[in-house]
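What follows is a short report on a single structure.
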Amino acid sequence: MFQQLKQSKDFLALTLAHPQYLTESFEFDLANQVHVEVWDTGVIMFEPLGVKHTKDLVLSCAVHGNETAPIELCNDLMTQLLDEQLVLKQRVLFLIGNPPAIHNGTRFIDENLNRLFNGAHSRGEGLCNPERVRAQKLEQYVDKFFSAHSGERHRMHYDLHTAIRASKHEKFAIYPYRGNRKYSKEQIMFLESCGVNTILFHHEPTTTFSYFSSENYHADAFTIELGKVFPMGQNDMTRFIAMKEMLTLLMCGEELKLPSFDMKRLNLYQVCRSVNKRYDDFEFTFTNDVENFTAFPRGYTLAKEGGFEVKVEHEFESIVFPNAKVPVGQRTVLCLKSADESRLD
C-alpha cells in the first residue's frame, strides 16, 4: 500500500480501493521534511518536520458519500502534499468520512453519519451498523490528532459538504453552538475570504462532526456547505478556487491578510429552532424546489403532521435543509432569523 500511494500520490484512489479498512497503518517521510501517517482507510495525517508549528487543522469530507466537490477539493490538496508541491508548515489531518457511501453514490448506507457524533454512535441501538462504528473511529482519530501536542495550539476543523437543494446563498457555514464561548470574527472573515459569506449560528448542542470538535477540543469548527450536490467529476472546481487558496495559505503558514470584520460583507443568521419529525405523515406545504434561505412571514404554515400545523413564529423565518423523509425523531428543517454581532469576538 505504501508503494501504491508513493507512486500514485492519490490517497482517494487508495481509500476507494479499500473502502472498509486498511490491513495495516503505515508512515513515511517526504523529501521536503514532511512526515506522513496513514491511520486507516480515508485517514491521513501530515506534519512538518524541523519547524515550530502552532496550528492543528482537520479537513473532513464525504461524511455524506454523494457530496463530491469537497472530496475532489481535499484530494487535490492531499495530492499536492504527497507530490511535494506544497511546503507544509502546520499539521493537517484529512478525513474521508464514509468511503462505502462514495462507492454507492449515496449520502449514507444505513444511517446518516452526521447524526452519530459526540457519542451518539453508542447510544440507543449502539454500534449496530458500519456508520456507527465509523463515527466512533473518526472521533478517536480527531482525539489522537488534537491530543498529540500540548501547549498553546490553534485547533480548527472544517467539515466540508454540499447541499441537496439549491440555495439563495450558494456557500454557507454552520457555526456550532458554543455555550458561553464567543464566536470568532477572525474565523468568520477567513471563511468570507474562502468565498463563504453566510454564517448560521446554531442554538443548541447537536450530534454533528463539527460540534464534536468544537465542544470537546474548543476547536474553531464549522460545517461548511460549498454549493449543490453533483456526481463525481461533474463539479466546476473553479467555484472553489478561493477556498483552496486560503486552505493552502493556512497549511503552509503564509500570511492570510484577512480583511477587517465587516457586517456589510456577510449574511449572518441565528438558528431559532429545529423542527423535528413527530409523525409519519409529516409534510411541508411548500414545493420540493424551494431554495435554502427562502423566507416566510409570521403565521405561515410551514408543515403539517398528526393533525398539527408548524407555523412561522417570528416576523420572518428563513429555512434551510428541509427534508420530510427523515425518520421520526430527526430534524426536518432549521428555521433562521437575522443575527447581529453581539456574540462575536
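Each position is counted from 1, following the chain as shown.
Here the Cβ of each residue, glycine as well, is placed from N, Cα and C on the backbone.
Swiss-Prot lists HIS64, GLU67 as Zn(2+)-binding residues, and of the candidates HIS157, HIS161, HIS169 the one it assigns to that same site is HIS161. The local packing around GLU67 (Zn(2+) binding site), expressed as other Cβ atoms within 10 Å of its Cβ over all shown chains, amounts to 26.
Other Cβ atoms within 10 Å of the Cβ of GLU225 (active site), summed over all protein chains shown, number 26.
Annotated Zn(2+) site HIS64, GLU67, HIS161; additional same-chain residues within 8 Å of its Cβ mean position, judged by their own Cβ, are CYS61, ALA62, VAL63, GLY65, ASN66, PRO70, ARG107, ASN114, LEU160, THR162, ALA163, VAL229.
HIS64 (Zn(2+) binding site) falls within neither a helix nor a strand when secondary structure is assigned with DSSP, and so counts as coil.
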